[in-house]
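A.B. asks: Feature annotation from TrEMBL assigns domain 'Glycoside hydrolase family 65 N-terminal' to A:15-267. Per TrEMBL, the feature domain 'Glycoside hydrolase family 65 central catalytic' maps to A:324-690. Summarising the annotation, TrEMBL assigns substrate binding site to A:Trp359, A:Asp360, A:Lys602, A:Gln603. The active site, proton donor annotation in TrEMBL covers A:Glu490. Positions annotated as domain 'Glycoside hydrolase family 65 C-terminal' by TrEMBL: A:699-759.
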Protein chains: 2
Amino acid sequence: MNQDYIIPNAWSILEEGFDATMVKSSESLFSIGNGAMGQRANFEEKYTGDTFQGSYIAGVYYPDKTRVGWWKNGYPEYFAKVLNAPNWIGINVLINKEELDLNACKTVSNFRRELNMKEGWLSRSFVAELQNGIEIKVESKRFLSLELDEVGAIKYSVTPLNSDAKIIFSPYIDAGITNEDTNWADQFWDVLKVSQNNQQSFVEARTMKTNFHTCTFMQSRLFVDNEEVLTDCNNKKTDKTATCSYQQEINQNQTYTIHKFGGYVVDRNRDKNELVAAAKCILDKAVSFGFDALLEIQKQSWAKIWKMSDITIEGDVKAQQGIRFNIFQLNQTYLGTDASLNIGPKGFTGEKYGGSTYWDTEAYCIPFYMATKDQSVARTLLEYRYKHLDKAIENAEKLGFTNGAALYPMVTMNGEECHNEWEITFEEIHRNGAIAFAIYNYHRFTEDYSYIPEKGLEVLIGIARFWHQRVNFSTDKNKYVMLGVTGPNEYENNINNNWYTNYIAKWCIEYALENIETVKLDHISDFIRIKEKTNFNDDELKSWKNVADNMYFPFSEKHNVFLQQDGFLDKELITVADLDQSQRPINQKWSWDRILRSPYIKQADTLQGFYMFEDHFTNEELERHFDFYEPFTVHESSLSPCVHSIQAAKLNRMEQAYTFYLRTSRLDLDDYNHEVEEGLHITSMAGTWMSIVEGFGGMRIINNMLSFTPRIPKGWKSYSFKVNFRNQVITVNVSQNGNNFELEGKEEVKILVNGELVNVSPNNLVTA
Amino acid sequence: MNQDYIIPNAWSILEEGFDATMVKSSESLFSIGNGAMGQRANFEEKYTGDTFQGSYIAGVYYPDKTRVGWWKNGYPEYFAKVLNAPNWIGINVLINKEELDLNACKTVSNFRRELNMKEGWLSRSFVAELQNGIEIKVESKRFLSLELDEVGAIKYSVTPLNSDAKIIFSPYIDAGITNEDTNWADQFWDVLKVSQNNQQSFVEARTMKTNFHTCTFMQSRLFVDNEEVLTDCNNKKTDKTATCSYQQEINQNQTYTIHKFGGYVVDRNRDKNELVAAAKCILDKAVSFGFDALLEIQKQSWAKIWKMSDITIEGDVKAQQGIRFNIFQLNQTYLGTDASLNIGPKGFTGEKYGGSTYWDTEAYCIPFYMATKDQSVARTLLEYRYKHLDKAIENAEKLGFTNGAALYPMVTMNGEECHNEWEITFEEIHRNGAIAFAIYNYHRFTEDYSYIPEKGLEVLIGIARFWHQRVNFSTDKNKYVMLGVTGPNEYENNINNNWYTNYIAKWCIEYALENIETVKLDHISDFIRIKEKTNFNDDELKSWKNVADNMYFPFSEKHNVFLQQDGFLDKELITVADLDQSQRPINQKWSWDRILRSPYIKQADTLQGFYMFEDHFTNEELERHFDFYEPFTVHESSLSPCVHSIQAAKLNRMEQAYTFYLRTSRLDLDDYNHEVEEGLHITSMAGTWMSIVEGFGGMRIINNMLSFTPRIPKGWKSYSFKVNFRNQVITVNVSQNGNNFELEGKEEVKILVNGELVNVSPNNLVTA
């Protein structure tokens, strides 16, 4: 049974009633972030119950020494761990000398938490009776500013309800934090200096090994019944913490409020030697704005984001809440403004998996950012991989490849591989294909070819060289085969001729060849530069072509389908429907060998190919493969339901498409995988967006035009989404009664709706 | 280049000249053991150079918490580590206040080390000039008594050569030791009590977690020029050590000698609360015998072992030294007297690999022990697995098997699996087959059927059930297939239809069925007991038979060979001869994926089946498979050359057989694998014995008779070996001029020589 405690609401994530067993879940679900930093929804005040503390700074990581049982040649020396950063949100609260701790109160009532996605803030309120008999009402609100992205603000109020009380607020910053995810229980932070300057406190610390210098800072303002009080603070330092205490006698029903401003400055984008000065400057600015003004700016910032990326759904509040939660979290994680960042699988909501960049970025996230942001954001994501090309070539060299062959890492923070399972690190090489596909996808969507001669072609050449070397000729099959790979379906390891991998390898080679030709014709100076740099020649290209032309694809005549891999039909082909439900999820119930020899598929594999290369196949072929593979699919990857939702929609199986949609959009809200307390599945959230836009909306690029085939699930009245297509924004409104299209832009656009040409002119609602 | 510093000698391992870079190598090569304990050839005196300290007590281990990068369901919680035990050999030596340390002397000359295999002792002598100018001659001799297997003795002498000197001997025992092989740097030993009683010292310690209680003990006697001196000792204790110091003014050219007796008593076979008393008793006994008498007994004990197990080779001293080294080390490791022990892959020579029992025991070691010891020893080894049957059933249950299916562990100390690589632990399941085969082999050799109704059949049933459940029916092939296994060739993982595994699985089922029938006919009460206990019925047996009758075996029509696994012919089939030599050994040069997709074979796989089931195939079939697979074999397992040597001999390719023989017999002496400093390859040493007896001697059991097809390598004058066959000992003498056979026993025996029947009567040399 999945969880079901989040209250449905169109714009907010809501929790009512205090349940200590749900604290870690909610800490994930109510996480906030602003692209530069983020944090779990930990309580400000002390909490002695079960909690998972987490605050994260984008791009700041720790290279944790690799831990394996049995070392294999080629394993990386370290795994880049997402790093729990110093805590700046803490406020200890003393009420008549008793410390407020929700785990130690006599009673807690009226507990309510809200993550307001429209405006980008988190609030919490409750009434608690302390052991000393004092009853208090607490309200807190906090946000991480999008405008000033090094700063966050908290407004925290206490109202004694049944007597006067002496209240002490002790806001603090604390660098004595640890990671839950650590291989060797290393210390990750080295605290350099704790300093206090009247109302401002600073903790300077650097990360071990990576030597990122940071300054965590805070400053507070105090209010009684909204009247600012200028009390002196009582400053205290330890070797890792700075605390300021403010005390006040508060009458019954009076409210004592602290506005705490805090955050981080980091030498990733600041002068290492001027961090405290920078922090002061930021604090001065934030404090002078004040909490309310900063919050007002926050609302405006989020309004801008929503204007472009919102999807509305009428008639299904859970679906509405789900999609907005996904869009909100994606925007909290990555905004496309810093070219050295990427979209980590857990964003700023947990430590698990480590690294910041997986193939998820190219396969799932780029379409979302491409359609809901300025197209420069997608280009920035492509350039991220271009910057890592040399490292990808080194990575391939470690595995025995030569001549500039590039293998992009499975998991990375800075371009170096940091994963260490041979069957994944060395064999789940299809990731290389997604990186080439993203270049194609970007050009197809934006029509911006300039990226390819400038940067993309070098990436394509490195990838083509990898595939060309990775196959070998089978005299037995008289074809090129690819042995020992792991496909997107990670429930198969070290298999031969994974259809998806072979297919994308062939495509990558052909796409590289095609672009070498185009660049030669249209961008001769780039061509000369690239030819000189990469040193390819006609013989090499001929040899590539030979491989692409003679690639082997396993196929079953009997079933008339491509086989996921050699030997797939030898399996005991019992469908998931016929599998004993007590055995699910198989990744928690079965040993690995049993999973491997079963036919069960973790996530789209052959169907991932049919998704990416949909236009290479007929609808009948899609249907046949969907009907063959989906029944064996257990969807135990967060990346699975979205692809299947899109394909089910395409096959006009709207009920199934809707089921998959709910599963992807509410994966974390309803905790389908029973692991939400570890953090959210950020990258798969882009798949949710695709489920609506490409699935229900049927958006494609066909003949260089935007095309839609709108469908609507049974219970929905209507839904709408926007697409930023080549710098013009098209709004698509789909309802049970018909569909219309609207253009914000300058020039008329031709689109296809259900295959028919439709002209959409600016600011004119077109029904089609 | 392999090492080449061991001086060839028929009966001894010799090293001359001190080379600090060879110390760790020699510590392995000169290891001594007596089945109950063993130790590396560490120096008695202090040594500050590079060394690997190791002393080991049979059956005493530590369950080290499993360390993996990525946990898989079914992994064991711990890995049983071979445990470095307290040091009892240490003797610190002070010469005029300067501590003797070969790493700190001005000069070292006349350094000589000898491991006398005939008599079972290790000696070392050298002349050293200390920094203080004193020149001394040092001689040491030590052994671990076979007769009193809890005790060892050291005779250590110092003679000042160029002046008088004050010499202090400080023999000590030290439980402050650590393991090199540890997952988490845990402390493995908890020292309980250090006590001294005049001349005797004791350190009681227990192992963490496993709680083995041990008492390490020592006592010394002192001599000047062979005249005993009864000095008082100066006793000193720390929390982990006990030291006694003896000092003496020694004239130039006088010799000061210490006889140190030490060792361990353990609660595995002693009362936990009486360990010190037991140690005292042992010490009293050893000391009253004295060093020389104990050594005399040692010589007699080894003479008895050699009488039965020696192999002589005339005309090739390196080959002679090699085979004796192998036989000697096997006997140092395991003598068959303690039913709870087994043959660890490194014996008492290092920590690596952990556990004590691998499939090596059944596949390689049992034939050696069966033919060179009383047949009860082989039966004891079989019973070891019978005692672990319940654990093997539990192990299979963890992997989802039911109904009493048994999967024996890959690595174990007490019956529980302790290995943790999914591709090995869960998939290298052919080990189960070797355990059944050993039962067959034992019966074939000894004609002792009683083991099967008494114990063996239950094991066979558990194993048959495992195979029956492990296959699945492929509708595609209309056969039973076995997916996701690792064969003996560990350079392939998670492959389908490994021919060897499928073949032995089918054989196991058929052998179990056959024995169920035999036991039913001839041992009805056992049959009833077993049927009740294991609860099989005719339907189940029918279902087994159906699997055995319809097992799939990959076969190539083109090459007319069985394929190692599905898809083998898709590989890039470049032979080892054509492989760039700079790429060898591939396990040190290539990443794992590259090894896996290559055709290279670590050790006999298909050919392992042809070895074990030789009588199922014609010579032509063997030759075809040998010629197909051997050229792809890199022999990077110590278990590889022996099987190939036997098969090459059978194919009358004596030059090749001899090359393989040298490689197996001198694997450690010449350090082919560049890892001898970690310890010796004990279990593969039994393969060396097989290379001569089954390879050159061509020994087989044919028609229930011993059969020989003697061949002799070019350079050898002659060789001879003995076989204890059904309680009669047959000596086989093979020479360039002809062969003869001799029987120590009571009754005439019919044997086959080159296929001809020969009668050998007692004590009568028969030429044939």
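Using N, Cα and C of the backbone, Cβ positions are placed for all residues, glycine too.
TrEMBL entries are annotated by machine, without manual review.
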A.B. asks: Would you list the other residues of this chain near substrate - those whose C-beta lies within 8 angstroms of the C-beta centroid of A:Trp359, A:Asp360, A:Lys602, A:Gln603 - in sequence order?
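C.D. replies: Here the nearby residues are A:Tyr358, A:Ala363, A:Pro488, A:Glu490, A:Ser637, A:Leu639, A:Ser640.
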A.B. asks: Select one residue from A:Asp360, A:Glu490: among these recorded positions, choose the one with the most other Cβ atoms within 10 Å of its Cβ.
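C.D. replies: Highest number of other Cβ atoms within 10 Å: A:Asp360.
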A.B. asks: Could you break down the residues of the domain 'Glycoside hydrolase family 65 C-terminal' (A:699-759) into DSSP helix, strand and coil, giving a count for each?
C.D. replies: 0 helix, 39 strand, 22 coil
A.B. asks: Show which residues of the chain containing A:Trp359 (substrate binding site), separated from it by at least 6 in sequence, have their CB under 8 Å from its CB.
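C.D. replies: Expected: A:Tyr408, A:Met410, A:His430, A:Arg431, A:Ala434, A:Ile435.
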A.B. asks: By the DSSP assignment reduced to helix, strand and coil, which category contains A:Asp360 (substrate binding site)?
C.D. replies: helix
A.B. asks: Between A:Lys602 (substrate binding site) and the residue listed as 'active site, proton donor', how far is it from one CA atom to the other, in Å?
C.D. replies: 6
A.B. asks: So the record assigns A:Trp359, A:Asp360, A:Lys602, A:Gln603 to substrate. If I measure every Cα pair among those residues, what is the longest distance in angstrom, as a whole number?
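C.D. replies: That value is 16 Å for the farthest Cα pair.
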A.B. asks: Averaged over the domain 'Glycoside hydrolase family 65 central catalytic' (A:324-690), what pLDDT does the predicted model reach?
C.D. replies: 97
A.B. asks: Between A:Asp360 (substrate binding site) and A:Glu490 (active site, proton donor), what C-alpha distance do you get in Å?
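C.D. replies: Cα-Cα, rounded: 14 Å.
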A.B. asks: Give the three-state DSSP assignment (helix, strand or coil) for A:Gln603 (substrate binding site).
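C.D. replies: It is coil.
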A.B. asks: Could you state the CA-to-CA distance between A:Gln603 (substrate binding site) and A:Glu490 (active site, proton donor) to the nearest Å?
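C.D. replies: Approximately 8 Å lies between the Cα of A:Gln603 (substrate binding site) and that of A:Glu490 (active site, proton donor).
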A.B. asks: Please report the number of other Cβ atoms within 10 Å of the Cβ of A:Lys602 (substrate binding site).
C.D. replies: 22
A.B. asks: Counting across all protein chains shown, how many other Cβ atoms sit within 10 Å of the Cβ of A:Gln603 (substrate binding site)?
C.D. replies: 24
